[in-house]
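Notes follow once the structure below has been shown.
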Ligand code: UDP
């Protein structure tokens, strides 16, 4: 059997990844496709933690734009990620992948609270751990949650699955035809060049903790597996 390059990963799925064509809400057939890909990687013996976003349901900034208090709107966003986490859990368990959801804000009736040691133990027991609720703090993003959890559980890499974008470009390739794709970068390059990969908080946390990030296209079958096996697709952003 081929040896995976990464043994423990944090897979960042944006809320939009779960929304399908409409870009809004939860689309079960789309989730079904994604979890098949996750199962393939799980079958390789790779430990997988998922950090899921909530932008398909609600974003704090949207609320702020229409006059809501930002922190309040952000809490709504964090709750949105919990709905996505439960949908993912359901779909994974339907195909026989054992899971645990851990929330950064306690909701004991529906999920475990986030406990670092327990998260690691779950991974060791071959359960996919889904981290919901972001960091549990307003003004942060689920990208930052991915960087934070990756550092905490000592993940080998963050896999950032993008919707219909196959890596990091010098400009938005859908707008600028001269945009070039980077194969490799450092987190510092991302920050200095102002590239749109993660927000700066997430990038600096990943830089300080030397966590590699692989940005790749989720919409191509088998891509999560390819990345885990070390195939050079997408863009790798190195820690140092
Ligand atoms: N959020 C937050 N703190 C966190 C993570 C998320 O306040 O640590 C809120 C924030 O309002 C954000 C929303 O949850 O807009 C959804 O998360 P995000 O935008 O990161 O989701 P994605 O873009 O990945 O779907």
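Backbone N, Cα and C define each Cβ position, glycine as well.
Positions annotated as domain 'Aspartate/glutamate/uridylate kinase' by TrEMBL: 7-217. The ATP binding site feature in TrEMBL is assigned to 12, 13, 14, 15, 55, 59, 163, 169, 172. Annotation source TrEMBL lists region 'Involved in allosteric activation by GTP' at 20-25. Annotation comment: TrEMBL describes 54, 74, 135, 136, 137, 138, 139, 140, 141, 142 as UMP binding site.
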Check: Long-range same-chain neighbours of residue 172 (ATP binding site), Cβ under 8 Å, sequence gap at least 6?
Finding: 179, 196
Next item on the list: Specify the count of other C-beta atoms within 10 Å of the C-beta of residue 12 (ATP binding site).
Entry: 28
Next item on the list: Could you list, ordered by sequence, which of these binding-site residues: 12, 54, 55, 135, 141, 172, have a Cβ under 6 Å from ligand 1?
Entry: 54, 55, 135, 141
Item checked: Cβ-Cβ neighbours of residue 139 (UMP binding site) (radius 10 Å) -> 11
Check: Across all chains shown, how many C-beta atoms besides its own are within 10 angstroms of the C-beta of residue 135 (UMP binding site)?
Finding: 22
Note to self: By a 10 A CB contact count over all chains shown, which of the binding-site residues listed here is most packed: 54, 55?
What the structure shows: 54
Check: Which binding-site residues from the set 12, 14, 163 come within 10 angstroms of residue 54 (UMP binding site), judged by C-alpha positions?
Finding: 14
Note to self: Among all protein chains shown, how many Cβ atoms are found within 10 Å of the Cβ of residue 163 (ATP binding site), not counting that one?
What the structure shows: 13
